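Visitor: I grabbed these lines from TrEMBL:
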type     : residues                     : note
ACT_SITE : E1232                        : active site, proton acceptor
BINDING  : C50, C55, C58, C80           : [2Fe-2S] cluster 1 binding site
BINDING  : C120, C123, C155, C157       : [2Fe-2S] cluster 2 binding site
BINDING  : 243-250, 333-337, D346, L390 : FAD binding site
BINDING  : Q763, F794, R908, G1075      : Mo-molybdopterin binding site
BINDING  : F910                         : substrate binding site
DOMAIN   : 11-98                        : domain '2Fe-2S ferredoxin-type'
DOMAIN   : 215-400                      : domain 'FAD-binding PCMH-type'
Amino acid sequence: MAPPRAGRAADELLFYVNGRRVVEKNADPEQMLLPYLRKGLRLTGTKYGCGGGGCGACTVMISRYEPITKKIIHYSANACLIPLCSLYGAAVVTVEGIGNTKNRIHPVQERIAKSHGSQCGFCTPGMVMSIYALLRNETEPRSEQITEALAGNLCRCTGYRPIIDGCKTFCKESFCCQNKENGGCCANQEECFSLLPNKEKKNMAENQAVRTLTFHGERTSWISPVTLKELLDLKAKHPQAPLVVGNTSVGPEMKFKGVFHPLLISPTRVLDLHVVEHTDNGLILGAACSLTVVKDVLSDAVSKLPVEKTKLFRALLQQLKTLGGQQIRNVASFGGNIVSRSPTSDINPILAAGGCILNVASQGRRRQIPLGDLFADGLGNNTLEPEEVLMSVWIPHSRKVSSPSSIHLFPPHFLHHGKRRENALPIVNAGMRVVFGEGSDIIRSLSIFYGGIGPTTLAAKQTCQAIIGRLWDEEMLDEACRRVLQEMHISSSAPGGKVEYRRALVVSFLFKFYLEVLQSLKIMYPSRYPDIPENYASALQHFHTEMPQSMQKYQDVEAGQPPQDPVGRPVMHQAGVKHATGEAIYCDDIRAVDEELFLALVTSSKAHAKIVSIDASEALMMPGMVDIISVQDVPATNEFYNYDVPDIVFAREKVTCVGQIVCGVVADSEIHAKRAAAKVKIEYEELEPVILTIEDAIAHNSFFEPQRKLEQGNVDEALKRADHVIEGEVRTGGQEHFYMETQSVLVVPKGEDKEMDVYAATQHPACVQEMVASCLGISENRVMCHVKRVGGAFGGKFLKASFLACITAVAANKTGHAVRCVLDRGTDMLTTGGRHPFLGKYKIGFTSSGKILAVDIDVYINAGCTPDDSILVTEVLLLKMDNAYKIPNLRAHAQACRTNMPSNTAFRGFGFPQSGFGTETWMTRIAVHCGLSPEKVREINMYKGNERTPYKQEINSENLLRCWNECMEKSSYRARREAIEEFNRKNYWKKKGIAIIPLKFPVGFGARALGQAAALIHLYIDGSVLLTYGGIEMGQGLHTKMIQVASRELKMPMSDIHFCETSTTTVPNACGSGGSLGTDVNGMAVKAKEAFDQSINLSATGYFRGYEADIDWEKGEGHPFEYFVFGAACTEVEIDCLSGDHKNIKTDIVMDIGRSINPAVDIGQIEGAFVQGLGLFTKEELKYSPEGVLYTRGPDQYKIPAICDVPERFSVSLLASSQNTTAIYSSKGVGESALFLGCSVFFAIREAVAAARRERGLPEDFALTSPLTPERLRLACADQFTEMIPKDGNKPAAPWAISI
């Protein structure tokens, strides 16, 4: 449908980018700023991470002229959500605009780089711009402003600590952490935060159009009026056209839900909608005011007005601090948040309870509406007419506590989505107000509004009516709770799930409100009301995010080491500055090739079905459409067999999971390809059975072969001798890799001899080369795979990247054009799988002293629909299951379940986090049964001295015990445990817990062939060196370490050594980078003496044949690993028993990693892995429909840890005087091991929950599933409120979500 032209020709769009004037004559209303910057202006420093404003990778700074104040304002924003047409007269600053390596880098860029704040570097430009925008407004920010500015930015690599270290140097109260050895500290340099020269500022003011602007796109028109009359006329003429201010609601609906609007109206330049007016009885705020403006105005009012007048303001401020990230709050409008009537609106419940009034207008009519009336029927479709515009909102002052009537508002700011305290949608929120009669404590009126219960904010009218006239006492509370549970009914199959949890929150919130009001009444009527019990007081205290304080203990370099030898020193990441300036090139940053096409995927919507037909007729008629690519276009191999069941490029005849790739659509642009892909119609015939869960697979005997077992000793006899035998099950959920750079590939046909250049974001270029060649039916020497760097991988870019490269290569082969394929975040999460969900069924025999005698366990992983690496995962899972413990009698059996789910794959830790977690679970249960502390049971069972593992490999556990004892000492474990017990005695609704977990992580792949490596070194006549090897830089600092190695071996400065790219043209047949072996094997290859000794040859190669490694699965013995990494972590947490929230207070980690080649890089790996593990065990929850459809497809639904999740005190120490004689320079691979230590957070929470249950008289031996989300935490802390929750006797046939 052609967009309405509104009788006007399109205007030219004028704005500024990095001080340069930009005039766009064909601005498309559907185009966002991000693709315009990247493709139109070739400013690729701004990254695509999610497309929905949830990750901050695309952060830029916007500067606008404010006509009311006649000032220019600066703010950070997500370029992926900013419509290009909204930028008329504005200035955009990207990371390239503030500094670069050719001229001068900005202090923000420098400090983040020098603080080792970038690993893969993909998130770094967004981090830089968030802080840069803050500094443009606050040159000496407070620490809480730093954490607030970064709350909307995600990082998957670093664990955030080094980013914070770099940023906090700008705080007035802080200090620069960098030394002054090399020419002074960066804090002493002149800092120029102004980018726009005065001339441009003057132009910005002059170029503010005072006329209506109109832009026409391919499908949609954009009209931006300047007067209220014109806006109301437009709404009268086009009542269904949405108003777009921040585009944080309309934008995601259009982008992710396929909602189409032929006309968009932008009222941002109508000054009437930006009013800020203080009245005698309240505050009037314009509907187009951003949430940041609202927050600033409220903060100012709170600082100036008496406390009793600002209770409602304070409640709103609590919400606004955590509503979205800073970038979202900077653009999202106050009015838009209200009129969207979203069930997850954080402010509507409070505004409704606070008695706020909406001022609305339409052509010839103005009126006022109590905000609570918007939700009168519980459906959110009342009152506002389509042609009406919300003008402003009146927020009243609160009444004085000393007056005859009292108002109390409850701000539920502490509960969000169940994943994070900040930048997350709430599961349930509430706004409550009570008014007491004159001179009495009789309830005169009560208002209760809940969000997250129904399709919009709901009013508990019946409950409130029934409570009027009652005293504010426990009898009233009990009746109110029971009534509100009946009135706020949540169906068992309600969208969003978490039904019992939401019911528990409904009454838990009411109880918190009851306590807050009771506290106020005690002040008003000291003789009538008792004090709140002392151990209840903490229920009213909310968790707040503090800037983490950290300590890192490096090892000293060896005595006598020359100062020019960089090995063992904390050298900055080789590309750290380029990460921070946006100059580091990733796959999708490669400039477009002439006549390049874009490939979009068409995926299955059924879990198990026969493909009846594929109708692409409508797709082929779409603008820009070129061709359809399917299995028929594959010249040779479509199915790749590593086991009996193949991994598949395109579905052939049937599909076996939702998200399986059926075909691809090639078009002239990304947007055209995606629109055409949406038009492809596939008809299915559903097949049985549909196997989704591990239990389904067990019931249908659906497993991949071979199955693995590991046995030692006589389990049956040992179980008979045991004093105690426990049985149980342990589960962990899956985990999404959430690498910041999504799967990306560019294939360029060379035009002769069937040659192809493949640029891929992969961990395994040789695999890409091999599979693409096999798929196309050509020899491998015609396929050249190139990798500059990868924006995070964690195991997710092995086979998955190779299959995407095959699909793209088939498209390039068929069309003869270069073809690019970059998955959007939702498609990436839908199609690529992740960490394997795990189920262990165990029987453990042990003595009364806690000594394990026997373990009998069957373990299952959900492999998905194809084998991928799942068999290898079962092997590693068995071999590493013992963790740090001697198990004299073991019988373990592992099976990979074949299900109708996307195939799961390699993930950091490769099975060990799951099986190690299982082991720690039964260690904890043994402690409960024996009446011992968990650390005592762990100490009793730990390896001691020289022992043998269940697979007969020798192990020297000296450093394991050293790590454990040092961690006990550094964490002051015993003293803190006593303090925690005292805290728990004094607090009923808040509890603390502490846990210490040991680590033994074997390093190796179990086969020599998987650990080979080669290096190629060119020495040029000017003395410079070009270094090439088969490893991939994906954030682990591999290139940096290899240059350090080469520097030592060649005895030349690091600055003379350059690494260009990893390519199959220079180093053939290299193994993939993963398994913590990148530095080991590639370092050995670079170090190879025979290469360097050929001084007469200016080009030399080094080769490392791999470590000796073997395992005989028939005998269950061998030497699969080269060495062991040891460690220990102690974590303390505090939990809120009423909400399920928790706070990570302190973590101490001690790691034995041999002699570190680069301690700054290695500690960064430890911290990043720990935080990723924290996510695995406490936050990251994948949700699927009963039909196998993934719900959690982006950062809005799937929450990885953010800055608010980092322990407030975070200490990492490297074990001193540690040697590993077999690896490069006695170092150890550290990339994976520390992820497991994230479970120390889980077990600390478990200890806190156990304390709550003990106080309530509940059993301390209870099951908890990973991830330990707020939902599971809250329901485990059973109390009088969870007992009130109505239980569903008959489970619905189709719940909203299932556990995989």
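Cβ atoms are placed via backbone N, Cα and C, with glycine included.
Keep in mind that TrEMBL annotations are predicted by a computer and have not been checked by a curator.
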Visitor: What other residues of this chain sit with their CB within 8 A of the center of the CB atoms of C50, C55, C58, C80, the recorded [2Fe-2S] cluster 1 site?
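Guide: Residues close to the [2Fe-2S] cluster 1 site, other than C50, C55, C58, C80: L34, K47, Y48, G49, G51, G52, G53, G54, G56, A57, N78, A79, G126, R825.
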Visitor: Could you check which of the binding-site residues (C157, L243, F794) sits closest to C80 ([2Fe-2S] cluster 1 binding site), going Cα to Cα?
Guide: L243
Visitor: Would you list, in sequence order, the binding-site residues among C55, C58, L243, R908 whose CA lies within 10 Å of the CA of C123 ([2Fe-2S] cluster 2 binding site)?
Guide: C55, C58
Visitor: Please give the average pLDDT for the domain 'FAD-binding PCMH-type' (215-400) in this predicted model.
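Guide: It averages 92.
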Visitor: For C157 ([2Fe-2S] cluster 2 binding site), list the number of other Cβ atoms lying within 10 Å of its Cβ atom.
Guide: 30
Visitor: When you measure from the Cβ of V245 (FAD binding site), how many other Cβ atoms are you left with inside 10 Å?
Guide: 22
Visitor: Since the record lists C50, C58 as binding-site residues, which of them has the fewest other Cβ atoms within 10 Å of its Cβ?
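Guide: Sparsest of the binding-site residues C50, C58 by Cβ contacts within 10 Å: C50.
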Visitor: Select the most exposed residue of C123, L390, where exposure means the fewest other Cβ atoms within 10 Å, treating these as the binding-site residues.
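Guide: Result for the binding-site residues C123, L390: minimum number of other Cβ atoms within 10 Å at L390.
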Visitor: Between S333 (FAD binding site) and C58 ([2Fe-2S] cluster 1 binding site), how many Å separate their Cα atoms?
Guide: 20
Visitor: Looking at the recorded positions C55, C58, C120, V245, N337, E1232, which ones sit with their CA no more than 10 Å from the CA of F910 (substrate binding site)?
Guide: E1232
Visitor: Are there any residues at least 6 positions away along the chain from G335 (FAD binding site) with a Cβ closer than 8 Å to its Cβ? List them or say none.
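Guide: Looking at Cβ-Cβ distances below 8 Å from G335 (FAD binding site), excluding near sequence neighbours, one finds V245, L273, G286, A287, A288, C289, L390, S392, V393.
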Visitor: By CA distance, which of the binding-site residues (C58, L243, N247, S249, N337) lies nearest to C120 ([2Fe-2S] cluster 2 binding site)?
Guide: C58
Visitor: Name the residues of the same chain, 6+ apart in sequence, whose Cβ is under 8 Å from the Cβ of N247 (FAD binding site)?
Guide: L81, I82, P83, S86, V331
Visitor: Given the binding-site residues C157, L243, S249, state which is nearest to F794 (Mo-molybdopterin binding site) when distance is taken between Cα atoms.
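Guide: So, spelling it out, the nearest of the binding-site residues is C157.
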Visitor: Tell me, how many other CB atoms lie within 10 A of the CB of C55 ([2Fe-2S] cluster 1 binding site), whichever protein chain they belong to?
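Guide: Taking every protein chain into account, the count is 32.
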Visitor: Of the recorded positions C58, C157, R908, E1232, which one has its Cα closest to the Cα of S249 (FAD binding site)?
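Guide: Answer for the nearest of the recorded positions: C58.
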Visitor: For [2Fe-2S] cluster 2, what surrounds C120, C123, C155, C157 with a Cβ no more than 8 Å from their Cβ centroid?
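Guide: Near the [2Fe-2S] cluster 2 site, the remaining chain residues are S118, Q119, G121, F122, T124, R156, T158, M740, G791, G792, G1035, G1168.
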